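Each remark here refers to the structure printed beneath this line.
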Amino acid sequence: MKTGRTNEPNPDLWPKAVARVPQLKFRRAPLLTAVCWFALGEVMARNHVPTIIVLVAISLLCGLTLASLRWSFRIAIVPLATVWMALGLFCAEVQPAPPTQHALKAYADGLSRQVRGRVVRVRELAPVQENSDQDKEAGWWPEKEADEEAAAVGALSVDIQVDAVEEVTPDVAWMAPVKGGVRMNVVPDKLATNAAVTGLAVSASQPLPTLKCGDLVQAPMRLKVAEYYRDPGAWQYADYLLAQGIGAHASVRTSKVSVLDEAGSKLAMQSERAAQWQCRIFAAQSWASGRVVGYVHSKANRGLPNILRLCADDAGMLNAMLFGDRAGLNKTQRVGFERTGSFHLFVVSGMHVGLLAGLVFWLARRLKLHDWLATSLTIALTFGYALLTGFGAPVQRALFMTTVFLMARLLSRDRNVLNALGAAALAVLVLSPSALFEASFQMTFLAIVAIGGIAIPLGERSFLPYANAAENLWDKWIDTGLPPRVAQFRLMLRMASEAIAKLPGHWSRELLPALIRCSLWALELSLIGVVAEMVMVLPMAVYFHRATMFAVPTNMLSVPLVAILAPTAVVTFCASLVSPWLALLPGAMTALLLHGVAGVIGHVSAVHAADLRVPAPAWWVAILAVIAWAFSYWAVRRSRNWAWAAVVALPLVALIVLWPEHSIVSPGMMEVTAIDVGQGDSIFIVSPDGATMLIDAGGPVGRVTEAAEATSRFDVGEEVVSPYLWSRRFRRLDVLALSHAHSDHMGGMPAVLRNFRPRELWVSIDPNSDAYRSLLDEAKDLGVTVRHFYAGTQLAWAGTQITMLAPESGYVNPREPINNDSLVMRVQYGDASVLLEGDAEAPSEREMLSHGRVSPVTLLKIGHHGSRTSTTQEFFAVAAPKDAVVSVGKGNTFGHPRYEVIERIADARTKLYRTDEFGLTTFLLGRDGKIRELVDASNP
């Protein structure tokens, strides 16, 4: 007799309850397999596989292809896979690299030049807090730089495609043809400061200019090139700009910007269709974001209670979530989302595109539209929404996947989400092979594989059939087509429900099935979150150095709210286009949901254990993780017993990824490393016993050293110093020392403090600085011991002897920080020693000499970046170092290091190492007084 397993029920009546986990076969997801081989070819191209080897291999496999077609189709998959691999290699080889724009960069020489070009993007910048803890030494020109004000006031960020730059000579000037991209910050001419009220500078009468796509503009600029940090692991903002076609940046006052021949510019733009459409897409994104901000400032919204009212911070979150515009997200919000692993909720991603497409398609089907019309309408509206978001790469992938999925449904083909993923990934990699090595592409791909390839099949092998069986419980005829266990479950559930039905109320009979369904669906959401988190451990550690311990519960609480919030916010936006009063009700609901999500994330992110910063794992760990994922993908499709093996493998490999590794040190040597932080200071010391000390952590010079970096929320402590320490496998610091409270020394310290939780924070005096007090408060919150040191203090530290040389014990500075506040220390190891000056100037040096505290050293960190006010002739003669190192930014506007200092060092036959020329440089000092420099080793 045939059992219920052999009788498949009508799929239209019961499509899910008897769903079997399909075996892993090529034909079920051919495009996913193809894209994996295609990606392998791109990896081969990335690693420069010798051409002759590739040609020989392809020739042999072509022969295998012919053989397989003649004798056996079973082995055809091998040469077919190789064809995809060869295509991937070919696409990667022919993709052009971004233009280096050397011709444009040559004009970034500090001179003011006229620059002409066409507008390709316009964005409004949010104000940024002004920082007064600045080094006030004058640069090459007395005029105050406008880019110092760009981050303190509302400004426009305008990308222009340059066609000419002024060539300046002593006799004549002319416009030389040059190609490249410039990002200019346009700031108001007149500024008025109301620090007592807001702490921010605000613009006065001069309005910002109205610039449109295709406008031909010209303005005087001092072009600058973004700093390139030559440190292992550092994120390069310069490369990020270059990938967007930006080779230089500058700041310009509003009155200096001239719009030339607007009509002619529109005609010229007709020949640049791609730039024109891209600019219009960005303009649409800015328009949509502006409408949200407009509703926030409307009288209708401002009249609501706080819990139902959208504020400026809420507008920043909504614009990031709906339109991909992150300019309004403040740092606190970003950190909170990152710490809890919920940042994906507030960036436009596949989830948002899928929610919109699903909602539109559901409404279309409720309106009884024909399948082809519902599908076309869904794709069209989703495409329009994608344009409003800026049409970034993640949205393109999601749009393509949605289109493939809907078309497969329309054509009655197997709707395999992994096959749709393969199609989308293949399209992206063919058009842009370099996307394979981007974090967003890898994480999107892995997340969908984790959910659709591992979590869902795992659920289908365990509890999901029972969740589906709890539907249509009273249709008994369905039981005959179900597996015995599932049918028995339905029978027992009906019996229990009939018993409960005796309670009063017509709903009592449906209570138990509803509770069962909700519980199992919550379990499904938990399973998806756990599996996705275990797979995401590797990319999170590699790209973000984070282990988000509370990501699963946070997302379980937040995702259902966001699923309601997203469509509600869309309704609010659409209603606000008509009238703010029409958007009042959906806007209030949006605010309530948004505050609920923000409250959950805020409370979880406040827990110290919510965010664990970790180094990237070794290469063999990454390979092991990929093997474990592939095994799990296969095992959950093999059998129930093999699925248990996957349950063990996934958390085991996640644990291996996070397992601490030994730090990279030189035992028995004292290491002193000058980290390349541009025009700032950061010195890393490792004692012979392996103890660690970081002295300063770089930061912006003055208010803003690089306006473009400031407006992008660039943090040198987070993006440069911390990644270098993680590249050495360090997780904690023993000591974090601050020489003095200028921003180019202290700016990166809050990030380092949070990331490495040092045991002690060493400082000298307490100047009048809000940023300094904030640093001390944060150290106190983290349980870091703060120690003050003055001249004459001596202490033994991890096999070395440290002596403080300045400032004097009676020295105080009740005003803003100055260079002579610097904590100067000498670290002795046997016959070797290093003297670290900070930014100490001549008065401090004379004080140290007068007390006889200076003696010959092996290595000297030049004071104040090589300024003429430091490292005086007398001081240098007494210190008499064998080697000297100066931390200085390339092409800095101060002229550091000064010629007279360089000449003084050369006359003493001391070897000078500059971070602007050598990048990060390591010195190894032995007990016998010998010193070894590792320049090449530091910059592989």
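From the backbone N, Cα and C atoms, a Cβ is placed for every residue, glycine too.
Nobody curates TrEMBL annotations by hand; they come from automatic prediction.
Among the features that TrEMBL reports, domain 'Metallo-beta-lactamase' is placed at 679-890.
Sequence annotations record features per position, and here TrEMBL assigns transmembrane segment to 49-67 (among others).
If you look up TrEMBL, you'll see 73-92 (among others) marked as transmembrane segment. Beyond the transmembrane segment (73-92), the same-chain residues lying 6 or more positions past its ends with a Cβ under 8 Å from any Cβ of the stretch are 26, 33-35, 37-42, 44-46, 49, 54, 57-58, 61-62, 64-65, 67, 429-430, 433-434.
What TrEMBL records for 343-364 (among others) is transmembrane segment. Sequence-distant contacts of the transmembrane segment (343-364) (same chain, at least 6 residues past either end, Cβ-Cβ under 8 Å): 317, 320-324, 326, 329, 333-334, 337, 373-375, 377-379, 381-382, 385-386, 389-390, 392, 394-395, 397-399, 401-402, 406, 444, 448, 555, 558-559, 562-563, 566-567, 570, 597.
What TrEMBL records for 376-395 (among others) is transmembrane segment. Same-chain residues lying 6+ beyond the ends of the transmembrane segment (376-395) with a Cβ under 8 Å from its Cβ atoms: 281-282, 284-285, 288, 322-325, 347-350, 353, 356-357, 360-361, 364, 369, 402-403, 406, 428, 432, 435, 438, 440-441, 444.
The transmembrane segment annotation in TrEMBL covers 416-435 (among others). Residues 28-35, 38-39, 42, 45, 88, 91-92, 95, 393, 396-398, 400-401, 404-405, 408, 441, 445, 448-449, 452-453 of the same chain lie 6+ residues outside the transmembrane segment (416-435) yet bring a C-beta within less than 8 angstroms of a C-beta in it.
The transmembrane segment annotation in TrEMBL covers 441-459 (among others).
Per TrEMBL, the feature transmembrane segment maps to 518-544 (among others).
Here the transmembrane segment (564-585) has Cβ contacts under 8 Å with residues 288, 291-292, 294-295, 298-301, 304, 318, 321-322, 352, 355-356, 359, 593-594, 597 of the same chain, all six or more residues outside its ends. Residues or ranges marked as transmembrane segment in TrEMBL: 564-585 (among others).
Annotation source TrEMBL lists transmembrane segment at 592-610 (among others). Here the transmembrane segment (592-610) has Cβ contacts under 8 Å with residues 307-308, 310, 314, 317-318, 333, 335-337, 339-340, 342, 345, 548-550, 553-554, 557-558, 561-562, 564-565, 568-569, 782 of the same chain, all six or more residues outside its ends.
Nonlocal intrachain contacts for the transmembrane segment (616-635), taken as residues 6+ away from its ends with a CB within less than 8 angstroms of a stretch CB, comprise 24, 233, 446, 449-450, 453-454, 535, 537-538, 541-542, 545, 642-643, 645-646, 649-650, 652-653, 656-657, 661, 726-727. Residues or ranges marked as transmembrane segment by TrEMBL: 616-635 (among others).
Remote same-chain residues near the transmembrane segment (642-660) are listed as 454, 457-458, 461-462, 531, 534-535, 537-538, 541, 547, 612, 614, 617, 621, 624-625, 628-629, 631-632, 634-636, 729, 731 (criterion: CB distance under 8 Å, separation of at least six residues from the stretch ends). The transmembrane segment annotation in TrEMBL covers 642-660 (among others).
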Spatial neighbours of the transmembrane segment (441-459) far in sequence, C-beta under 8 Å, 6+ residues away: 21, 349-350, 393-394, 397, 417-418, 421, 425, 428, 435, 524, 527-528, 530-532, 534-536, 539, 543, 629, 632-633, 636-637, 643, 646-647, 650
Long-range CB partners for the transmembrane segment (518-544) (under 8 A, at least six residues beyond its ends), listed in sequence order, are 338, 341, 439, 442-443, 446-447, 449-451, 454-456, 458-459, 463-464, 466-467, 470, 551-552, 555-556, 559, 614-617, 621-622, 625, 629, 650-651, 653-654, 657-658
In this predicted model, what is the average pLDDT of the domain 'Metallo-beta-lactamase' (679-890)? 91
